[in-house]
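Structure first, commentary second.
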Amino acid sequence: MDTTIDGFADSYEISSTSFVATDNTDSSIVYLAAEQVLTGPDVSALQLLSNSFESVFDSPDDFYSDAKLVLSDGREVSFHRCVLSARSSFFKSALAAAKKEKDSNNTAAVKLELKEIAKDYEVGFDSVVTVLAYVYSSRVRPPPKGVSECADENCCHVACRPAVDFMLEVLYLAFIFKIPELITLYQRHLLDVVDKVVIEDTLVILKLANICGKACMKLLDRCKEIIVKSNVDMVSLEKSLPEELVKEIIDRRKELGLEVPKVKKHVSNVHKALDSDDIELVKLLLKEDHTNLDDACALHFAVAYCNVKTATDLLKLDLADVNHRNPRGYTVLHVAAMRKEPQLILSLLEKGASASEATLEGRTALMIAKQATMAVECNNIPEQCKHSLKGRLCVEILEQEDKREQIPRDVPPSFAVAADELKMTLLDLENRVALAQRLFPTEAQAAMEIAEMKGTCEFIVTSLEPDRLTGTKRTSPGVKIAPFRILEEHQSRLKALSKTVELGKRFFPRCSAVLDQIMNCEDLTQLACGEDDTAEKRLQKKQRYMEIQETLKKAFSEDNLELGNSSLTDSTSSTSKSTGGKRSNRKLSHRRR
(Lines of atoms letter the chains of each structure in order from A and count residues from 1; the text may use other names and numbers.)
(Lines give C-alpha, C1' and ligand atoms only; values in the text may rest on other atoms or scores of the structure.)
Protein backbone atom coordinates (compact mmCIF):
# COMPACT_ATOMS: atom_id res chain seq x y z
CA MET A 1 0.00 0.00 0.00
CA ASP A 2 1.32 3.41 -0.90
CA THR A 3 1.74 5.33 2.31
CA THR A 4 3.16 8.54 0.86
CA ILE A 5 1.39 11.59 2.21
CA ASP A 6 -0.84 13.13 -0.44
CA GLY A 7 0.91 15.78 -2.49
CA PHE A 8 4.49 14.81 -1.70
CA ALA A 9 5.07 12.67 -4.79
CA ASP A 10 4.17 15.48 -7.20
CA SER A 11 6.28 18.01 -5.35
CA TYR A 12 9.46 16.04 -6.03
CA GLU A 13 9.43 16.99 -9.72
CA ILE A 14 10.60 20.24 -11.30
CA SER A 15 8.29 21.76 -13.86
CA SER A 16 7.91 25.15 -15.45
CA THR A 17 5.14 25.98 -12.96
CA SER A 18 7.50 25.32 -10.08
CA PHE A 19 9.49 28.40 -11.01
CA VAL A 20 6.78 30.94 -11.67
CA ALA A 21 7.94 34.10 -9.98
CA THR A 22 6.07 35.57 -7.05
CA ASP A 23 6.14 38.94 -5.33
CA ASN A 24 7.31 37.35 -2.09
CA THR A 25 10.71 38.95 -1.51
CA ASP A 26 11.16 37.18 1.84
CA SER A 27 11.69 33.81 0.19
CA SER A 28 15.00 32.12 0.84
CA ILE A 29 14.87 30.49 -2.59
CA VAL A 30 15.79 32.53 -5.70
CA TYR A 31 13.04 32.56 -8.33
CA LEU A 32 13.23 33.21 -12.04
CA ALA A 33 11.94 36.50 -13.39
CA ALA A 34 8.25 36.61 -14.20
CA GLU A 35 8.82 37.17 -17.91
CA GLN A 36 11.04 34.09 -18.23
CA VAL A 37 9.27 31.06 -19.68
CA LEU A 38 10.96 27.71 -19.26
CA THR A 39 11.18 25.43 -22.26
CA GLY A 40 11.66 21.67 -22.21
CA PRO A 41 15.48 21.86 -22.38
CA ASP A 42 15.47 24.49 -19.61
CA VAL A 43 13.48 22.21 -17.33
CA SER A 44 15.80 19.30 -18.06
CA ALA A 45 18.83 21.45 -17.29
CA LEU A 46 17.29 22.57 -13.99
CA GLN A 47 16.48 18.99 -13.07
CA LEU A 48 20.07 18.00 -13.75
CA LEU A 49 21.34 20.91 -11.66
CA SER A 50 18.93 20.01 -8.86
CA ASN A 51 20.07 16.38 -8.94
CA SER A 52 23.70 17.47 -8.80
CA PHE A 53 23.18 19.70 -5.76
CA GLU A 54 21.17 17.01 -4.01
CA SER A 55 23.89 14.42 -4.64
CA VAL A 56 26.41 16.76 -3.02
CA PHE A 57 24.21 17.03 0.08
CA ASP A 58 23.66 13.25 0.21
CA SER A 59 27.33 12.34 -0.25
CA PRO A 60 28.28 9.84 2.47
CA ASP A 61 31.82 11.23 2.64
CA ASP A 62 30.64 14.75 3.52
CA PHE A 63 32.08 15.85 0.14
CA TYR A 64 34.05 18.91 1.28
CA SER A 65 31.35 20.06 3.69
CA ASP A 66 32.63 22.79 6.00
CA ALA A 67 29.88 23.27 8.57
CA LYS A 68 27.57 21.21 10.74
CA LEU A 69 24.08 21.58 12.16
CA VAL A 70 24.01 19.99 15.62
CA LEU A 71 20.71 18.46 16.74
CA SER A 72 19.48 18.26 20.33
CA ASP A 73 20.31 14.53 20.52
CA GLY A 74 23.93 15.20 19.52
CA ARG A 75 23.67 14.03 15.92
CA GLU A 76 25.17 16.30 13.28
CA VAL A 77 24.15 17.11 9.71
CA SER A 78 27.01 18.29 7.50
CA PHE A 79 26.44 21.01 4.91
CA HIS A 80 28.27 23.48 2.69
CA ARG A 81 28.32 27.10 3.79
CA CYS A 82 28.66 28.47 0.27
CA VAL A 83 25.51 26.64 -0.89
CA LEU A 84 23.29 27.53 2.06
CA SER A 85 24.52 31.12 2.21
CA ALA A 86 23.74 31.60 -1.48
CA ARG A 87 20.35 29.91 -1.22
CA SER A 88 19.13 31.22 2.12
CA SER A 89 19.28 34.67 3.67
CA PHE A 90 18.67 33.09 7.07
CA PHE A 91 21.69 30.82 6.81
CA LYS A 92 23.80 33.62 5.35
CA SER A 93 23.26 35.68 8.52
CA ALA A 94 23.51 32.73 10.91
CA LEU A 95 26.72 31.41 9.35
CA ALA A 96 28.34 34.84 9.33
CA ALA A 97 27.71 35.14 13.07
CA ALA A 98 28.91 31.57 13.66
CA LYS A 99 32.15 32.26 11.77
CA LYS A 100 32.88 35.29 13.93
CA GLU A 101 32.38 33.18 17.04
CA LYS A 102 34.59 30.44 15.57
CA ASP A 103 37.39 32.90 14.85
CA SER A 104 37.20 34.43 18.32
CA ASN A 105 37.20 31.03 20.06
CA ASN A 106 39.68 29.36 17.67
CA THR A 107 37.38 26.39 17.19
CA ALA A 108 38.00 23.89 14.40
CA ALA A 109 34.69 23.98 12.55
CA VAL A 110 31.63 26.14 12.12
CA LYS A 111 28.69 24.64 13.96
CA LEU A 112 25.11 25.80 14.37
CA GLU A 113 23.25 24.51 17.42
CA LEU A 114 19.68 23.74 16.39
CA LYS A 115 18.41 24.15 19.96
CA GLU A 116 19.58 27.77 19.84
CA ILE A 117 17.96 28.42 16.47
CA ALA A 118 14.72 26.46 16.89
CA LYS A 119 13.86 26.82 20.58
CA ASP A 120 10.09 26.52 20.65
CA TYR A 121 9.47 23.09 19.13
CA GLU A 122 11.49 19.88 19.11
CA VAL A 123 12.40 18.53 15.68
CA GLY A 124 13.96 15.26 14.56
CA PHE A 125 16.80 14.25 12.28
CA ASP A 126 14.63 13.27 9.30
CA SER A 127 12.72 16.55 9.17
CA VAL A 128 15.99 18.51 9.33
CA VAL A 129 17.43 16.50 6.43
CA THR A 130 14.22 16.99 4.43
CA VAL A 131 14.33 20.78 4.80
CA LEU A 132 18.04 21.10 4.07
CA ALA A 133 17.66 18.86 1.01
CA TYR A 134 14.96 21.26 -0.20
CA VAL A 135 17.29 24.23 0.21
CA TYR A 136 19.91 22.40 -1.87
CA SER A 137 17.63 21.10 -4.63
CA SER A 138 14.35 23.09 -4.55
CA ARG A 139 12.51 19.78 -4.38
CA VAL A 140 10.50 18.36 -1.50
CA ARG A 141 11.49 14.84 -0.61
CA PRO A 142 8.88 12.24 0.27
CA PRO A 143 8.96 11.37 3.99
CA PRO A 144 11.47 8.62 4.79
CA LYS A 145 9.80 5.21 4.92
CA GLY A 146 8.54 4.37 8.37
CA VAL A 147 9.09 7.87 9.78
CA SER A 148 5.70 9.36 8.90
CA GLU A 149 3.90 6.03 9.35
CA CYS A 150 2.67 4.56 12.62
CA ALA A 151 3.01 0.98 13.86
CA ASP A 152 -0.68 0.20 13.30
CA GLU A 153 -0.93 -2.05 10.23
CA ASN A 154 -4.56 -1.05 9.66
CA CYS A 155 -3.85 2.70 9.57
CA CYS A 156 -3.75 4.60 6.27
CA HIS A 157 -1.03 6.87 7.77
CA VAL A 158 -2.68 10.10 6.74
CA ALA A 159 -3.61 11.54 10.14
CA CYS A 160 -1.78 9.33 12.65
CA ARG A 161 0.62 10.98 15.10
CA PRO A 162 3.90 10.19 13.26
CA ALA A 163 2.49 11.66 10.02
CA VAL A 164 1.31 14.78 11.86
CA ASP A 165 4.59 15.13 13.77
CA PHE A 166 6.67 14.98 10.60
CA MET A 167 4.56 17.64 8.88
CA LEU A 168 4.68 19.89 11.94
CA GLU A 169 8.45 19.59 12.25
CA VAL A 170 9.02 20.47 8.59
CA LEU A 171 6.56 23.36 8.87
CA TYR A 172 8.34 24.72 11.94
CA LEU A 173 11.78 24.46 10.33
CA ALA A 174 10.47 26.16 7.19
CA PHE A 175 9.20 28.97 9.43
CA ILE A 176 12.51 29.27 11.28
CA PHE A 177 14.59 29.10 8.09
CA LYS A 178 12.23 31.55 6.33
CA ILE A 179 11.14 29.35 3.43
CA PRO A 180 7.59 30.61 2.68
CA GLU A 181 6.92 28.23 -0.22
CA LEU A 182 7.60 25.26 2.08
CA ILE A 183 5.38 26.82 4.75
CA THR A 184 2.55 27.12 2.23
CA LEU A 185 2.95 23.51 1.10
CA TYR A 186 2.94 21.96 4.56
CA GLN A 187 0.23 24.25 5.87
CA ARG A 188 -1.93 22.93 3.06
CA HIS A 189 -1.08 19.33 3.96
CA LEU A 190 -2.06 19.96 7.59
CA LEU A 191 -5.29 21.70 6.59
CA ASP A 192 -6.15 18.57 4.61
CA VAL A 193 -5.83 16.31 7.68
CA VAL A 194 -6.73 18.54 10.63
CA ASP A 195 -10.37 17.38 10.57
CA LYS A 196 -9.25 13.74 10.68
CA VAL A 197 -6.82 13.77 13.59
CA VAL A 198 -7.77 13.01 17.20
CA ILE A 199 -8.54 16.10 19.24
CA GLU A 200 -5.35 15.79 21.33
CA ASP A 201 -3.31 16.11 18.14
CA THR A 202 -5.35 19.15 17.11
CA LEU A 203 -4.07 20.86 20.26
CA VAL A 204 -0.50 20.13 19.17
CA ILE A 205 -1.17 21.53 15.68
CA LEU A 206 -2.80 24.62 17.19
CA LYS A 207 0.19 25.25 19.44
CA LEU A 208 2.62 25.08 16.51
CA ALA A 209 0.40 27.22 14.27
CA ASN A 210 0.30 29.81 17.05
CA ILE A 211 4.11 29.83 17.17
CA CYS A 212 4.26 30.47 13.42
CA GLY A 213 1.67 33.24 13.77
CA LYS A 214 0.82 35.16 10.60
CA ALA A 215 2.72 32.68 8.44
CA CYS A 216 0.08 30.03 9.28
CA MET A 217 -3.09 32.07 9.80
CA LYS A 218 -5.36 29.69 7.87
CA LEU A 219 -4.21 26.72 9.92
CA LEU A 220 -4.38 28.72 13.15
CA ASP A 221 -7.96 29.86 12.53
CA ARG A 222 -9.12 26.37 11.54
CA CYS A 223 -7.63 24.77 14.66
CA LYS A 224 -9.19 27.42 16.90
CA GLU A 225 -12.57 26.73 15.34
CA ILE A 226 -12.26 22.99 15.97
CA ILE A 227 -11.13 23.38 19.59
CA VAL A 228 -13.83 25.96 20.40
CA LYS A 229 -16.55 23.52 19.32
CA SER A 230 -14.91 20.49 20.94
CA ASN A 231 -15.38 19.07 24.43
CA VAL A 232 -11.74 19.57 25.42
CA ASP A 233 -11.74 20.37 29.15
CA MET A 234 -10.13 23.34 30.85
CA VAL A 235 -7.29 21.32 32.36
CA SER A 236 -6.22 20.02 28.94
CA LEU A 237 -6.43 23.50 27.44
CA GLU A 238 -4.36 25.08 30.21
CA LYS A 239 -1.68 22.38 30.09
CA SER A 240 -1.43 22.35 26.28
CA LEU A 241 -1.77 25.96 25.13
CA PRO A 242 -0.46 29.46 26.01
CA GLU A 243 -2.58 31.48 28.42
CA GLU A 244 -3.71 34.05 25.84
CA LEU A 245 -4.87 31.31 23.49
CA VAL A 246 -6.85 29.59 26.26
CA LYS A 247 -8.56 32.87 27.10
CA GLU A 248 -9.49 33.43 23.45
CA ILE A 249 -11.01 29.95 23.18
CA ILE A 250 -13.04 30.40 26.38
CA ASP A 251 -14.33 33.79 25.22
CA ARG A 252 -15.39 32.38 21.87
CA ARG A 253 -17.17 29.48 23.58
CA LYS A 254 -19.11 31.96 25.68
CA GLU A 255 -20.02 33.98 22.60
CA LEU A 256 -21.44 30.84 21.00
CA GLY A 257 -23.41 30.04 24.15
CA LEU A 258 -21.39 26.90 24.85
CA GLU A 259 -20.98 25.70 28.41
CA VAL A 260 -17.60 26.50 29.94
CA PRO A 261 -17.34 24.42 33.14
CA LYS A 262 -14.78 25.73 35.60
CA VAL A 263 -12.41 23.45 37.48
CA LYS A 264 -13.56 23.12 41.10
CA LYS A 265 -11.31 24.73 43.67
CA HIS A 266 -10.62 21.48 45.57
CA VAL A 267 -9.83 19.64 42.34
CA SER A 268 -7.53 22.46 41.27
CA ASN A 269 -5.71 22.27 44.61
CA VAL A 270 -5.03 18.56 44.10
CA HIS A 271 -3.68 19.25 40.61
CA LYS A 272 -1.45 22.04 41.91
CA ALA A 273 -0.06 19.71 44.59
CA LEU A 274 0.71 17.13 41.90
CA ASP A 275 2.35 19.80 39.76
CA SER A 276 4.61 20.48 42.74
CA ASP A 277 5.34 16.73 43.13
CA ASP A 278 3.97 16.96 46.67
CA ILE A 279 2.23 13.65 47.42
CA GLU A 280 2.03 14.45 51.14
CA LEU A 281 0.01 17.58 50.36
CA VAL A 282 -2.28 15.48 48.18
CA LYS A 283 -2.89 13.18 51.17
CA LEU A 284 -3.75 16.16 53.37
CA LEU A 285 -6.18 17.55 50.78
CA LEU A 286 -7.90 14.17 50.51
CA LYS A 287 -8.31 14.04 54.30
CA GLU A 288 -10.39 17.22 54.11
CA ASP A 289 -12.98 15.07 52.31
CA HIS A 290 -13.92 17.71 49.71
CA THR A 291 -12.93 15.48 46.80
CA ASN A 292 -11.26 12.17 45.98
CA LEU A 293 -8.73 11.02 43.41
CA ASP A 294 -11.36 9.69 41.01
CA ASP A 295 -13.55 12.81 41.06
CA ALA A 296 -10.45 14.95 40.52
CA CYS A 297 -9.18 12.59 37.78
CA ALA A 298 -5.93 12.96 39.70
CA LEU A 299 -4.38 9.78 38.33
CA HIS A 300 -5.14 10.88 34.77
CA PHE A 301 -3.54 14.25 35.53
CA ALA A 302 -0.40 12.75 37.09
CA VAL A 303 0.13 10.22 34.31
CA ALA A 304 -0.34 12.88 31.63
CA TYR A 305 1.61 15.80 33.07
CA CYS A 306 3.74 14.86 36.12
CA ASN A 307 7.09 13.13 36.31
CA VAL A 308 7.08 9.33 36.46
CA LYS A 309 7.96 9.12 40.16
CA THR A 310 5.10 11.39 41.19
CA ALA A 311 2.63 9.38 39.12
CA THR A 312 3.82 6.04 40.51
CA ASP A 313 3.83 7.37 44.08
CA LEU A 314 0.22 8.48 43.64
CA LEU A 315 -0.65 5.07 42.22
CA LYS A 316 0.92 3.34 45.23
CA LEU A 317 -1.58 5.06 47.54
CA ASP A 318 -4.19 2.61 46.18
CA LEU A 319 -6.88 5.28 46.53
CA ALA A 320 -7.89 5.54 42.87
CA ASP A 321 -9.69 3.29 40.41
CA VAL A 322 -7.14 2.56 37.68
CA ASN A 323 -9.98 1.90 35.21
CA HIS A 324 -11.82 5.15 35.99
CA ARG A 325 -12.70 7.22 32.91
CA ASN A 326 -12.25 10.96 32.58
CA PRO A 327 -14.83 13.22 30.84
CA ARG A 328 -13.23 12.40 27.47
CA GLY A 329 -13.83 8.68 28.05
CA TYR A 330 -10.17 7.79 28.58
CA THR A 331 -8.90 5.40 31.23
CA VAL A 332 -5.56 6.10 32.90
CA LEU A 333 -3.96 3.41 30.73
CA HIS A 334 -5.14 5.23 27.60
CA VAL A 335 -3.41 8.38 28.83
CA ALA A 336 -0.21 6.47 29.63
CA ALA A 337 -0.22 4.98 26.11
CA MET A 338 -0.49 8.49 24.63
CA ARG A 339 2.49 9.59 26.72
CA LYS A 340 4.51 6.52 25.64
CA GLU A 341 6.02 5.90 29.06
CA PRO A 342 6.79 2.16 29.63
CA GLN A 343 7.19 2.38 33.40
CA LEU A 344 3.78 4.00 33.85
CA ILE A 345 2.13 1.39 31.64
CA LEU A 346 3.80 -1.41 33.62
CA SER A 347 2.75 0.14 36.94
CA LEU A 348 -0.87 0.49 35.84
CA LEU A 349 -1.09 -3.06 34.51
CA GLU A 350 0.37 -4.35 37.77
CA LYS A 351 -2.33 -2.45 39.66
CA GLY A 352 -5.07 -4.09 37.59
CA ALA A 353 -5.62 -1.68 34.70
CA SER A 354 -7.55 -3.34 31.88
CA ALA A 355 -5.85 -3.28 28.49
CA SER A 356 -9.08 -4.32 26.76
CA GLU A 357 -10.97 -1.13 27.67
CA ALA A 358 -11.65 1.03 24.59
CA THR A 359 -12.15 4.78 24.20
CA LEU A 360 -15.42 6.25 22.95
CA GLU A 361 -13.89 6.10 19.45
CA GLY A 362 -13.17 2.38 19.89
CA ARG A 363 -9.39 2.55 20.44
CA THR A 364 -7.67 0.33 23.01
CA ALA A 365 -4.44 1.29 24.77
CA LEU A 366 -2.52 -0.93 22.35
CA MET A 367 -4.04 0.83 19.33
CA ILE A 368 -3.25 4.23 20.86
CA ALA A 369 0.37 3.22 21.49
CA LYS A 370 0.76 1.84 17.97
CA GLN A 371 -0.75 4.93 16.35
CA ALA A 372 1.56 7.15 18.40
CA THR A 373 4.73 5.21 17.54
CA MET A 374 6.67 5.41 14.29
CA ALA A 375 6.78 2.20 12.28
CA VAL A 376 10.55 2.48 11.93
CA GLU A 377 10.85 2.70 15.72
CA CYS A 378 8.59 -0.28 16.35
CA ASN A 379 10.21 -2.45 13.68
CA ASN A 380 13.71 -1.73 14.94
CA ILE A 381 14.74 -4.66 17.15
CA PRO A 382 17.21 -3.20 19.66
CA GLU A 383 20.70 -4.64 19.95
CA GLN A 384 21.70 -6.36 23.15
CA CYS A 385 23.40 -4.06 25.66
CA LYS A 386 21.68 -1.06 24.01
CA HIS A 387 18.76 0.97 25.33
CA SER A 388 15.39 0.26 23.71
CA LEU A 389 13.16 3.02 22.34
CA LYS A 390 10.20 3.87 24.55
CA GLY A 391 7.56 3.65 21.83
CA ARG A 392 8.54 0.12 20.91
CA LEU A 393 8.63 -0.92 24.58
CA CYS A 394 5.11 0.40 25.17
CA VAL A 395 3.75 -1.53 22.20
CA GLU A 396 5.60 -4.67 23.29
CA ILE A 397 4.26 -4.46 26.85
CA LEU A 398 0.65 -3.94 25.74
CA GLU A 399 0.88 -6.72 23.16
CA GLN A 400 2.04 -9.13 25.85
CA GLU A 401 -0.77 -8.01 28.14
CA ASP A 402 -3.24 -9.05 25.44
CA LYS A 403 -1.78 -12.56 25.56
CA ARG A 404 -1.38 -12.70 29.34
CA GLU A 405 -4.44 -14.81 30.09
CA GLN A 406 -3.07 -17.56 27.87
CA ILE A 407 0.28 -17.66 29.68
CA PRO A 408 0.50 -19.19 33.18
CA ARG A 409 2.17 -16.84 35.62
CA ASP A 410 5.27 -17.98 37.48
CA VAL A 411 4.92 -18.74 41.18
CA PRO A 412 7.43 -16.78 43.27
CA PRO A 413 9.85 -18.96 45.27
CA SER A 414 8.57 -20.00 48.66
CA PHE A 415 10.61 -19.69 51.84
CA ALA A 416 9.37 -23.14 52.86
CA VAL A 417 11.96 -25.07 50.81
CA ALA A 418 15.26 -26.77 51.53
CA ALA A 419 18.01 -24.37 52.59
CA ASP A 420 20.44 -25.31 49.83
CA GLU A 421 17.72 -25.05 47.19
CA LEU A 422 16.70 -21.63 48.45
CA LYS A 423 20.32 -20.46 48.41
CA MET A 424 20.76 -21.49 44.79
CA THR A 425 17.45 -19.85 43.87
CA LEU A 426 18.66 -16.58 45.37
CA LEU A 427 21.93 -16.74 43.48
CA ASP A 428 20.22 -17.62 40.21
CA LEU A 429 17.77 -14.73 40.54
CA GLU A 430 20.56 -12.29 41.39
CA ASN A 431 22.62 -13.46 38.42
CA ARG A 432 19.67 -13.33 36.06
CA VAL A 433 18.76 -9.76 36.99
CA ALA A 434 22.40 -8.63 36.83
CA LEU A 435 22.72 -10.15 33.36
CA ALA A 436 19.45 -8.53 32.28
CA GLN A 437 20.80 -5.13 33.33
CA ARG A 438 23.77 -5.63 31.00
CA LEU A 439 21.95 -7.07 27.99
CA PHE A 440 18.62 -5.23 28.16
CA PRO A 441 19.16 -2.09 30.29
CA THR A 442 15.90 -0.29 29.47
CA GLU A 443 13.65 -3.30 29.97
CA ALA A 444 15.48 -4.33 33.15
CA GLN A 445 15.26 -0.83 34.60
CA ALA A 446 11.50 -0.67 33.98
CA ALA A 447 10.89 -4.04 35.64
CA MET A 448 13.17 -3.24 38.60
CA GLU A 449 11.40 0.06 39.25
CA ILE A 450 8.01 -1.65 39.41
CA ALA A 451 9.41 -4.45 41.60
CA GLU A 452 10.88 -1.82 43.98
CA MET A 453 14.42 -3.18 43.86
CA LYS A 454 15.80 0.14 45.02
CA GLY A 455 16.56 0.05 48.72
CA THR A 456 16.91 -3.73 48.99
CA CYS A 457 20.23 -5.34 49.92
CA GLU A 458 22.13 -7.05 47.14
CA PHE A 459 22.94 -10.73 47.60
CA ILE A 460 26.65 -11.49 47.25
CA VAL A 461 28.48 -14.73 47.97
CA THR A 462 30.00 -13.49 51.24
CA SER A 463 26.61 -12.35 52.52
CA LEU A 464 25.32 -15.90 52.24
CA GLU A 465 28.26 -17.70 53.85
CA PRO A 466 27.35 -19.45 57.12
CA ASP A 467 30.39 -17.89 58.84
CA ARG A 468 28.98 -14.43 58.31
CA LEU A 469 25.49 -15.41 59.39
CA THR A 470 26.64 -17.01 62.63
CA GLY A 471 29.35 -14.47 63.42
CA THR A 472 32.00 -17.22 63.87
CA LYS A 473 35.37 -17.48 62.17
CA ARG A 474 36.54 -20.65 60.47
CA THR A 475 39.90 -21.70 61.88
CA SER A 476 40.26 -25.12 60.25
CA PRO A 477 38.59 -27.22 57.59
CA GLY A 478 37.20 -29.49 60.26
CA VAL A 479 35.01 -26.85 61.88
CA LYS A 480 31.34 -27.69 61.46
CA ILE A 481 29.51 -25.07 59.32
CA ALA A 482 26.04 -23.97 60.33
CA PRO A 483 23.38 -24.62 57.67
CA PHE A 484 22.32 -21.74 55.48
CA ARG A 485 19.34 -19.75 56.67
CA ILE A 486 17.80 -16.61 55.22
CA LEU A 487 17.76 -13.43 57.24
CA GLU A 488 14.79 -11.09 57.45
CA GLU A 489 16.81 -8.36 55.75
CA HIS A 490 17.07 -10.58 52.65
CA GLN A 491 13.39 -11.35 52.26
CA SER A 492 12.53 -8.05 50.58
CA ARG A 493 15.38 -8.60 48.13
CA LEU A 494 14.12 -12.08 47.26
CA LYS A 495 10.61 -10.75 46.63
CA ALA A 496 11.94 -7.90 44.49
CA LEU A 497 14.15 -10.22 42.44
CA SER A 498 11.29 -12.65 41.90
CA LYS A 499 8.97 -9.83 40.90
CA THR A 500 11.53 -8.45 38.45
CA VAL A 501 11.95 -11.83 36.76
CA GLU A 502 8.18 -12.35 36.68
CA LEU A 503 7.63 -8.96 35.03
CA GLY A 504 10.35 -9.72 32.52
CA LYS A 505 8.76 -13.00 31.51
CA ARG A 506 5.31 -11.44 31.39
CA PHE A 507 6.04 -8.31 29.37
CA PHE A 508 9.43 -8.92 27.71
CA PRO A 509 9.44 -12.54 26.48
CA ARG A 510 11.93 -11.62 23.76
CA CYS A 511 14.49 -10.65 26.40
CA SER A 512 13.56 -13.51 28.73
CA ALA A 513 14.18 -16.05 25.99
CA VAL A 514 17.79 -14.84 25.66
CA LEU A 515 18.27 -14.91 29.44
CA ASP A 516 16.76 -18.40 29.65
CA GLN A 517 19.24 -19.56 27.05
CA ILE A 518 22.19 -18.25 29.06
CA MET A 519 20.89 -19.22 32.49
CA ASN A 520 20.15 -22.83 31.47
CA CYS A 521 22.41 -24.62 33.94
CA GLU A 522 21.91 -28.05 32.40
CA ASP A 523 23.17 -26.75 29.08
CA LEU A 524 26.43 -25.53 30.61
CA THR A 525 26.85 -28.62 32.82
CA GLN A 526 26.53 -30.92 29.85
CA LEU A 527 29.28 -29.02 28.06
CA ALA A 528 31.71 -30.13 30.76
CA CYS A 529 30.75 -33.80 30.45
CA GLY A 530 30.16 -36.20 27.64
CA GLU A 531 33.21 -38.42 27.24
CA ASP A 532 31.12 -40.80 25.14
CA ASP A 533 29.62 -38.06 22.96
CA THR A 534 29.79 -38.39 19.21
CA ALA A 535 31.78 -35.87 17.18
CA GLU A 536 28.54 -34.31 15.96
CA LYS A 537 27.18 -33.89 19.49
CA ARG A 538 30.45 -32.37 20.72
CA LEU A 539 30.33 -29.91 17.82
CA GLN A 540 26.76 -28.93 18.72
CA LYS A 541 27.80 -28.32 22.33
CA LYS A 542 30.81 -26.32 21.24
CA GLN A 543 28.64 -24.13 19.04
CA ARG A 544 26.18 -23.68 21.90
CA TYR A 545 29.01 -22.70 24.25
CA MET A 546 30.41 -20.23 21.72
CA GLU A 547 26.99 -18.59 21.36
CA ILE A 548 26.73 -18.07 25.11
CA GLN A 549 30.34 -16.90 25.36
CA GLU A 550 29.83 -14.39 22.55
CA THR A 551 26.76 -12.94 24.24
CA LEU A 552 28.61 -12.53 27.53
CA LYS A 553 31.67 -11.05 25.82
CA LYS A 554 29.53 -8.47 24.10
CA ALA A 555 27.84 -7.52 27.38
CA PHE A 556 31.12 -7.09 29.26
CA SER A 557 32.94 -5.34 26.42
CA GLU A 558 30.18 -2.72 26.34
CA ASP A 559 30.41 -2.37 30.11
CA ASN A 560 34.22 -2.09 30.11
CA LEU A 561 34.16 0.43 27.26
CA GLU A 562 31.73 2.59 29.21
CA LEU A 563 33.92 2.37 32.31
CA GLY A 564 37.04 3.17 30.28
CA ASN A 565 35.49 6.26 28.72
CA SER A 566 34.33 7.43 32.12
CA SER A 567 37.83 7.08 33.61
CA LEU A 568 39.33 9.26 30.89
CA THR A 569 37.04 12.17 31.70
CA ASP A 570 37.12 11.95 35.47
CA SER A 571 40.11 10.42 37.24
CA THR A 572 38.39 10.68 40.59
CA SER A 573 35.31 8.78 39.51
CA SER A 574 37.37 6.12 37.69
CA THR A 575 38.21 4.40 40.96
CA SER A 576 34.56 4.07 41.91
CA LYS A 577 33.67 2.99 38.39
CA SER A 578 36.32 0.26 38.50
CA THR A 579 34.85 -0.92 41.74
CA GLY A 580 31.46 -1.03 40.03
CA GLY A 581 32.99 -3.14 37.26
CA LYS A 582 34.38 -5.64 39.79
CA ARG A 583 31.05 -5.76 41.46
CA SER A 584 29.43 -6.72 38.18
CA ASN A 585 31.88 -9.60 37.72
CA ARG A 586 31.35 -10.69 41.28
CA LYS A 587 27.61 -10.83 40.78
CA LEU A 588 28.00 -13.04 37.74
CA SER A 589 30.45 -15.28 39.57
CA HIS A 590 27.47 -16.59 41.54
CA ARG A 591 26.84 -19.03 38.72
CA ARG A 592 26.90 -22.68 39.76
CA ARG A 593 29.74 -24.80 38.47
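Every residue, even glycine, has its Cβ placed from backbone N, Cα and C.
Cross-referencing Cys156, Cys160, Cys297 with Swiss-Prot, the residue annotated as S-nitrosocysteine turns out to be Cys156. Looking up Ser15, Ser148, Ser388, Ser566 in Swiss-Prot shows the phosphoserine annotation sitting on Ser15. Record check of Ser55, Ser104, Ser463, Ser557 in Swiss-Prot: the feature phosphoserine is attached to Ser55. Here the motif 'SIM3, required fo binding to SUMO3 and subsequent sumoylation' (345-348) has long-range neighbours at 303, 311-312, 315, 322, 332-333, 336-337, 365, 369, 394, 397-398, 446-447, 449-450, 503, 507, meaning same-chain residues at least 6 beyond its ends whose C-beta is under 8 angstroms from one of its own. Residue pair Cys160 (Zn(2+) binding site) / Ser55 (phosphoserine) shows a Cα separation of 31 Å. Of all the recorded positions given, namely Cys150, Cys155, Cys156, Cys160, the one with the smallest number of surrounding CB atoms inside 10 A is Cys156. Ser55 (phosphoserine) and His157 (Zn(2+) binding site) are 29 Å apart (CA-CA, integer value). In this structure the alpha carbons, written CA, of Ser55 (phosphoserine) and Cys156 (S-nitrosocysteine) are 31 Å apart.
Looking at Cys155 (Zn(2+) binding site) and Ser59 (phosphoserine), their Cα atoms lie 34 Å from each other.
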